[in-house]
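Undergrad: Structure in structure tokens, see below.
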Amino acid sequence: MMMRVRKPFNLRLALIFWSLLLAIFSIYGSMKVVPEFIGALYTRGAFFSICKASFRDEPTIQFWIWLFIWSKVAELIDTLFVVLRKQKFLHLHWIHHALTLIYSFIVFGDLPAFCRWMVSMNFSVHVFMYSYYTLRAVGIRTPKTWSIAITSSQIMQMIIGFLISLTTSFYHISGSKCDVTLKSGILGVFVYGLFLILFLNFFYHSYLKKNSNATSRQKAE
């Protein structure tokens, strides 16, 4: 109610600092977890990478997974910036942040094998996403293709997360041994499936539909 009657806060410097901080955090996170993920995938195979939680014996990997989980609490500050600056508040924004927070604590807290995929993907995407946010906050104009590429990478992340969750659920049903609980697999199918729908809808309305409308107006003129 208070924000309806007052002017937007000027939080440019705070936003620059916050976006840069998360970009640096994501870079360090990627450097810590991605090598283990790549090693598991290319030296031991796809099944091992999603079903064998060998990283449970590596304190550094565990530490960064826990930092990743708690970073989802910190990322709620993104929502606070949107509210205080009176920007357009998308349903995708708060649903994504809220569900990711809940999902991360429920699922990743048990260190399931497939979280090496999920954490590595999310850290990597956030390197580019928060670097992009930092440039925008500084006032540097970026090509539209950058935002399209970032949204596309998020969509790919949701597709992979959905398929991996579906695969681990199938392994449980078929009796294969997998270091991912059936509950975690089913939750992943639901969460990543929902995110995929939301991000595809956002992509369509933000890029495809706008381009289609612009083309129609040009033809009419």
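Every residue gets a Cβ built from N, Cα and C, even glycine.
Quantities reported herein were computed from a predicted structural model and do not represent experimental measurements.
Feature list, courtesy of TrEMBL:
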TRANSMEM  63-84  transmembrane segment
TRANSMEM  91-111  transmembrane segment
TRANSMEM  117-135  transmembrane segment
TRANSMEM  155-173  transmembrane segment
TRANSMEM  185-204  transmembrane segment
Undergrad: Take the transmembrane segment (63-84) and find every residue of the same chain, 6 or more past its ends, with a Cβ under 8 Å from one of its Cβ atoms.
TA: 3, 8-9, 11, 14-15, 18, 22, 25, 29, 32-33, 55, 93-94, 97, 100-101, 104-105, 108-109, 111, 115, 119, 122-123
Undergrad: Are the transmembrane segment (91-111) and the transmembrane segment (155-173) close enough to be called in contact, which here means at least 3 C-beta pairs under 8 A that are separated by 6 or more residues?
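TA: No, the transmembrane segment (91-111) does not contact the transmembrane segment (155-173).
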Undergrad: Given a Cβ distance threshold of under 8 angstroms, which distant residues of the chain, six or more beyond its ends, lie next to the transmembrane segment (155-173)?
TA: 50-51, 112-114, 117-118, 121-122, 125, 180-182, 184-189, 191-193, 195-196, 199-200, 203
